[in-house]
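Asker: Submitted below is the structure of interest, expressed as structure tokens.
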Amino acid sequence: MSGAPIGVFDSGVGGLTVARAILDQLPGESLLYIGDTAHAPYGPRPIAEVRRYALAALDELVSAGVKLLVIACNSASAACLRDARERYDVPVVEVIVPATRRAVAATRSGRVGVIGTVATITSRAYEDAFAAAAGTELVSVACPAFVDFVERGITSGRQLLGLTEAYLAPLQEADVDTVILGCTHYPLLTGVIGLVMGEGVTLVSSAEETAKDTYRVLARDGLFRDPDLPPPAHRFLTTGDPAAFARVGRRFLGPEITAVSIAPAAAPRQAQAVGR
């Protein structure tokens with residue numbers, strides 16, 4: 001089992017920010033990544049639909065023999081975390097609690113903002129996670145169009161700036177000093193988000209904290225990859241267009257994406273792979 005890959009799942013390419021952090025902290029591990037781009041974005045979908053798509057992708061990862069699951073998607077974490085932990089015999093790591101932990105440590109005023117998809121914000125998953133953090137005030141804002149910009153590779157420009165100013169106005173009015181990027185796509189928008197919020201506001205991504213949790217679970221369960229094994233290899237699967245996934249995904253992860261293949265469940269619809 002120690003030689004098995006870590007399974008990472010997201011609705012698209014955003015979870016590659018988490019994959020990048022995992023590889024930085026655990027360079028000796030191999031990854032198997034599934035991006036459900038055929039059904040992205042998850043944010044506008046009903047929770048039950050998100051749960052169904054997410055569990056189908058997680059089923060594929062478990063069937064492929066991963067030793068640990070990372071749900072690198074806030075919407076999916078909110079929709080199916082409890083189900084996943086009951087359904088599978090491997091450990092499950094998610095992104096909401098790690099981001100909350102980092103934000104609580106970072107805030108000076110106790111006023112924290114969280115931005116995310118409609119599914120994440122309406123689930124109130126962050127409110128639940130912050131319930132035990134005394135002295136904090138949470139302001140939540142849905143930013144439904146951000147994921148589409150990122151999936152299209154657009155991370156700057158006048159249109160995006162105007163949209164960001166409109167989305168973040170409630171956080172500015174609430175005078176938050178910390179903002180959780182409550183979607184793993186959003187770290188690619190830190191330039192425009194940071195510009196709008198100003199230098200005094202800390203932006204919190206769940207990626208590094210989730211990677212730390214992944215490290216802790218591997219250590220706890222004795223699942224570190226045997227260093228005597230051959231060098232680790234990584235596989236990237238998508239339910240959508242592999243060429244588009246590879247093009248945008250390399251901006252998140254870098255040269256580790258040498259090829260993207262169609263996920264098994266999507267193979268009847270498309271049977272192709274793209275290399276570099």
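Using the three backbone atoms N, Cα and C, a Cβ is placed for every residue, glycine included.
Found this in Swiss-Prot, in case it helps:
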BINDING   D10, S11, Y42, G43, N74, S75, T184, H185  substrate binding site
ACT_SITE  C73  active site, proton donor/acceptor
ACT_SITE  C183  active site, proton donor/acceptor
Asker: Using DSSP reduced to three states, classify N74 (substrate binding site) as helix, strand or coil.
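Answerer: In the DSSP reduction, N74 (substrate binding site) maps to helix.
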Asker: Counting other Cβ atoms within 10 Å of each residue's Cβ, which of the binding-site residues D10, S11, S75 comes out lowest?
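Answerer: Counting other Cβ atoms within 10 Å of each of the binding-site residues D10, S11, S75 gives the minimum at D10.
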Asker: Using Cβ atoms only, which residues of the same chain lie under 8 Å from G43 (substrate binding site) while being at least 6 residues apart in sequence?
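Answerer: Listed in sequence order: S75, G116, T117, V118, A119, T120, A142, P144, V147, C183.
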Asker: Cβ distance under 8 Å to Y42 (substrate binding site), same chain, sequence separation 6 or more: which residues?
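Answerer: Result: S11, D36, V50, Y53, A54, C73, S75, A76, A79, T117, A119.
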